[in-house]
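Only one structure is covered here, and it is reproduced in the block below.
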């Protein structure tokens with residue numbers, strides 16, 4: 001991975017138990033309403049778990065689903081361009097590279113595949129551990145993914161050069177490459193947050209204990225220039241972190257007294273730290 005130029009060109013889950021849901025007051029409960037969509041992608045035979053648009057032209061979409069299938073579509077008329085074949089479990093991650101020349105799909109078992117969009121040919125595949133998330137680098141043909149064994153993987157595509165970032169002994173539940181392309185933030189099931197140096201393969205900052213979360217992280221995001229990182233967790237807290245210092249500078253926490261099912265939206269406690 002030493003020759004990767006990170007400065008390259010800039011650019012509802014289903015009702016599994018079969019419960020019968022009672023209509024709620026003030027809610028229009030019919031799923032049989034008029035179809036106002038302009039285009040429908042209709043080849044999946046089970047729930048669709050992921051969808052992504054190509055960032056370069058905004059003319060293509062990729063979808064993945066519970067039927068172990070992934071498809072690339074043309075947005076203008078919904079025509080199927082090709083199937084990303086060969087997956088053996090539900091496809092939960094899918095996305096285009098920064099220049100839209102490559103499309104990657106990943107299933108729950110950890111099988112990742114990459115296709116060349118113009119030729120519709122598979123150019124790379126890899127079997128990692130059980131997949132938690134997947135994301136393309138914003139400036140280079142580099143793919144990152146987090147797995148249930150706590151590792152974050154980084155591959156140069158299509159030659160397959162690989163680097164791993166070892167986290168705690170628990171799933172790496174979410175991740176995001178920062179806009180500068182040099183760092184990535186990864187959240188873990190134990191509530192820790194790590195900001196990684198992608199070149200060196202070492203953590204720049206580690207937030208844990210009271211600085212981290214008290215439950216698994218579910219999402220991370222950054223602002224446009226990558227100076228701030230927002231994290232969310234099942235502990236009902238969102239934290240705003242400085243990407244430079246690794247310090248929590250702001251926190252939003254749901255009020256404990258707002259019990260689920262109370263019939264009104266929870267309140268939030270907001271504090272500067």
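Even glycines carry a Cβ here, placed using N, Cα and C.
Under the heading compositional bias 'Acidic residues', TrEMBL lists 1-16.
Per TrEMBL, the feature region 'Disordered' maps to 1-34.
Proximity of distant same-chain residues to the repeat 'WD' (41-83), defined by a Cβ-Cβ separation under 8 Å and at least 6 residues beyond the stretch ends, is recorded for 11, 13-14, 89-96, 98-100, 103, 105, 107, 115, 117, 120. TrEMBL lists 41-83 (among others) with the feature repeat 'WD'.
Mean pLDDT for the repeat 'WD' (84-125) in this predicted model: 98. Sequence annotations record features per position, and here TrEMBL assigns repeat 'WD' to 84-125 (among others).
Beyond the ends of the repeat 'WD' (179-206), by six or more residues, the same chain brings 6-8, 137-140, 144, 146, 150, 152, 154, 163-165, 167-168, 170-173, 212-220, 222, 224-226, 229, 231, 233, 235, 241, 243, 245-246 to within a C-beta distance below 8 angstroms of the stretch. The feature repeat 'WD' is assigned by TrEMBL to 179-206 (among others).
According to TrEMBL, the repeat 'WD' annotation covers 210-251 (among others). Residue counts for the repeat 'WD' (210-251) by DSSP state, with H, G and I taken as helix and E and B as strand, are 0 helix, 22 strand, 20 coil.
Here the repeat 'WD' (179-206) has, by DSSP, the following mix of helix, strand and coil residues: 0 helix, 16 strand, 12 coil.
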